[in-house]
Each structure stands twice: as C-alpha cells, then as structure tokens.
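Student: Sharing the record's features from Swiss-Prot:
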type: DOMAIN; residues: 111-364; note: domain 'Protein kinase'
type: BINDING; residues: I117, G118, K119, G120, S121, F122, S123, T124, A125, K140; note: ATP binding site
type: ACT_SITE; residues: D230; note: active site, proton acceptor
type: REGION; residues: 408-428; note: region 'Disordered'
Amino acid sequence: MEKRYQQLFKGKRIDFPLATGAASHVSLTYDEKKNPYLLCWTYIYQEKPEFTVPLKGCRIINNITEIGPCIHIITSNEEYQFQCRSKEEFDEMSQFFNMLGYPILGFKNVYVLNKKIGKGSFSTAYIGTNILYGNRVVVKEVDKSKVKESNVYTEIEVLRKVMHKYIIKLISAYEQEGFVYLVLEYLKGGELFEYLNNNGPYTEQVAKKAMKRVLIALEALHSNGVVHRDLKMENLMLENPNDPSSLKIIDFGLASFLNSPSMNMRCGSPGYVAPEILKCASYGTKVDIFSLGVILFNILCGYPPFRGNNVKEIFKKNMRCHISFNTKHWINKSESVKEIILWMCCKNPDDRCTALQALGHQWFLPKLTDMHMTANINELKRNEAIVHKSNDQQDMCKKCKHFNNTQNDDIYNNNNNNNQLDPNKNHKNNYNDYKNYFDTMLKIDDKYSENLIKDKTSMDSISLNKKDYDAYLVHSNEHDTVVLHGKCQTTKNSSSLLSYKCSRRSPPQN
C-alpha cells in the first residue's frame, strides 16, 4: 500500500484536514520556479482548491490538540494547523515534509524555559520565550505519566473551543520527550490575589468593571457547556498591571464539559466551593457563579466571607452560606452590590443567578443622576420622543418620532404616529432637544459611546418621558452593543421599565 507522502508526490489528493475544518484534503503542486504549494480542498472531488499554502520559507512545528498530534505550518502571512488522527499518520506526514526540505520543529526548537513560577500536583509552570519571535509566554509542563489525572487534554479542548478576550489564550500545545507543554499568553499584571494583598480592596466602581469582564467570560464558557470548577482569587489574573479591572480567567485544570462523567467529581477550593458540591449533590454551571460571588465579596472588603482557623471550619461556614455585611468595610457600599452578592451566593442553586442574569442586575446599570438630567428634561417639557430601531447614531436621530399627549408607560411602535422629526423642518427644536438628551446619556461612559459608533448599534423602541425618569445605558454583553433603557414613574408607588431586554428578576434572600 502506498504511503501518504508517496501519493502526494504523485499529485494525488489525500485526507489531511485542517483543525478548523476549513479544508479536508490536500495535494502537492509546484509553481514555475519549482516552489512547493499545498492545495487545500473541502472535499476530494472539488474542481478548484479553496486556497493554497505556500511552503517556501515556512516553519513547520509539531503541535497537539485534544484529538491528537498535528502539524502547524507558519508561513509569512498565515498559520495553518493540520490534524493527524494517529501517531503513524503524523510520522508519515513528518517524513513528507522532511523530504521536501522542511523538518518538523519540536517544542524545544521554538521555546526556551526561563523561570519556574509555580508547581502543582500534576504540572509545573514557567515563564518562557519564543526563540523565533522573542515574545514572552507562560508554559505549563505536564509529565505524560500524569496526563490522565492532570486533565490536560480537556484543558486544551476547552481553551481551543472557547477563545474569548477575557479568557487566557492558548497559543499552542506540544508533546515532546515525555512531557505535554501548553504555551499560554503571558499576562503582565499578576494574580488578583497578589494585587489585593499589595494594594488593598477595590473601589465599588473598579470591582464592577472587573466583575463584568469575568461574568462575560463565564457566560461564554457556560453557553458552550463548560464549567471552570475552580474559580478563585489565584485563578484570575490582571492583563494590565495598571488596570485592576483587567481580569482574565486562567487555569482550566479542573474544567469540565457538562456532559462529561467528570462532572460527578467533588472539586474546588475551600471557601469558594458551592454548597451543592460539598453536599455531593449534582451540580452545573452555577457553581462558578457562587465562587465569583465569594471573590466579589473579597475584593470589596479585603477578606473572604467564610473565614476559619482551619480548613474544616472554613468548609463548615462555606456549607452554611451565611454572608454578613456587619463590619465597617461595608458601611459605604451600595445596597445593590450586597444584593447581587447574596444572589450569586444563594445556598440553593435554583435561586442563584446565572452569569447573564447577574449582568442584568441593577448594580451593573449606570444611572443618570438629577444633575445629568434636569436641563434636558426641562427642555423636553410636554413632549415625548421615541427611539426606533436604526443602524447608527445619526440614522437613529433622523428616524426619531415625536408625539403629544401620550401615556407615561407606553411603548409606541404603531404605524399611526409617523411624524418624522426632520431637523430642517418644523420639528427642528424637538430634534435638537432629543439629540442633546441622547448625547448627554452617552457621556455617562465613553465605552458605550465608542461601541455605538463603531458597532453601528441598533436601538430598541422606548418612550422617553420628562416625569420622574431614570435613564440607563447598558452594555449588551453578548453582542457588544448598546441598549437604552428607561424607567417611568407611572403612579406614586409603581413604575414601568420601558425595555424589551431589561426585565430584572428580584434576587431571593438567603
């Protein structure tokens, strides 16, 4: 039987898929200068290749994924990772590239280990340097004899499946000389635990930004069926040493997919573990929310909610789930942050919020004060403006509709009221009033304004009323958009939240 490399040298197509799934077959060809190219096909009988990979001047590296060994080709413009399904297939393809004059590089041909920074039960962590480019990385070294216990292949799978800006990036993974190496991005800011020890508690505003990042990352993990299971201060790192809110989630050594048998395992760190894990009950993604609630408590006051003289005492308090705010550290903290901590740390997981529900809590909604609102409310007088769906800020203002004698809590979407606010016609003053009003709201947070312009955000219809009006700008964390929300006082004792996307469930009390 012909070897795979023999088939390639005869111009035949062989199955050699890209790890991304963008191509399934390759063949070999040469240009007029005899430079070799790989032609990449999505299926074997395709007439024209999807794309070509120039091999002249490339580097070829031996990587691994959770499936097995792979061949990583780095050209001057792109990188391509081809998946091998067995060691025999990898050996054959390695021979092919060697015969072409492109030997396979291993981990030690690409990286050098500089400094040991940590050691766990199954792995050792180093700061390393990429020899080819000079950039710093973090390398996690796992002895192959401990691969099963270390969960390293699940860690690789999780980091490849859920690539997110608030989760540490897996650059590559290798097998060489009895070890598995994970090459990860280097985060300059250090551990959250160290930062808190050196600098003291966070302000509530900084904590809010930090928690939003982590919740967004957790939502990405949970929506992909992944549970971290060991969220703690040491497993959050600062991306930027000058920005304490720039947190990223690291260390997926205990992570699991929801449908995995490993979800029966009892795991976590004392003081951070959800009570359902301690009770040996079934559990899901909400164990991460509990752990993050503990972290939020900790970064605001400088000490954990479940303290004890020994591990047994900590676990006992951890199981009981009683959280107290009766110290001087909590005197000036808002009621809403205490409320969200209690919601995140509910003993019963059915009463505990999800990541998405937490992001919708009022603590994350920046509120306009009377100082921001008074002038514009007076300008609006008896008039109300309606924001209708549009593609960007300019277009949105042009499509703004104007009404008289409307009810405070109505959302208008009917076709009977269609007087356009045209800045060049009779409604010029109303148009300018509204535009100034909206500009004022955008100034609450520069990030929201930037996202609106950059992302050409569409807006939900909403009534803007002068009477007892609270306005909010909310960052929609799923899609990086901006959503405008308003609350109108309809009677003395009630109000209506005028938005399709911001109905909020009141968290239960423990």
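Cβ coordinates are placed from backbone N, Cα and C, and glycine is handled just like the others.
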Student: Give me the CA-CA distance between K119 (ATP binding site) and D230 (active site, proton acceptor), in Å, as a whole number.
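Tutor: On Cα coordinates alone, these residues lie 16 Å apart.
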Student: For each of I117, A125, count the other CB atoms within 10 A of its CB; which of these binding-site residues has the top count?
Tutor: A125
Student: Helix, strand or coil at the residue listed as 'active site, proton acceptor', per DSSP?
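Tutor: The three-state answer is coil.
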Student: Most Cβ neighbours within 10 Å: which of the recorded positions S121, S123, D230 is it?
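Tutor: Sorting the candidates by Cβ neighbours within 10 Å, the top entry is S123.
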Student: Take the C-alpha atoms of I117 (ATP binding site) and the residue listed as 'active site, proton acceptor' and report the distance between them in angstrom, rounded.
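Tutor: Distance (Cα to Cα, whole Å): 19 Å.
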Student: What is the Cβ neighbour count of K119 (ATP binding site) at a 10 Å cut-off, with all protein chains included?
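Tutor: Here the count is 10.
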Student: What is the separation, in Å, between the Cα atoms of S121 (ATP binding site) and D230 (active site, proton acceptor)?
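Tutor: Cα-Cα, rounded: 15 Å.
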Student: What mean pLDDT score does the domain 'Protein kinase' (111-364) have in the model?
Tutor: 94
Student: Can you tell me how far the Cα of S123 (ATP binding site) sits from the Cα of the residue listed as 'active site, proton acceptor', in Å?
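Tutor: Checking the Cα atoms of S123 (ATP binding site) and the residue listed as 'active site, proton acceptor' gives a distance of 16 Å.
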Student: Can you give me the Cα-Cα distance between the residue listed as 'active site, proton acceptor' and A125 (ATP binding site) in Å, rounded to a whole number?
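Tutor: Rounded to the nearest whole number, the Cα-Cα distance is 17 Å.
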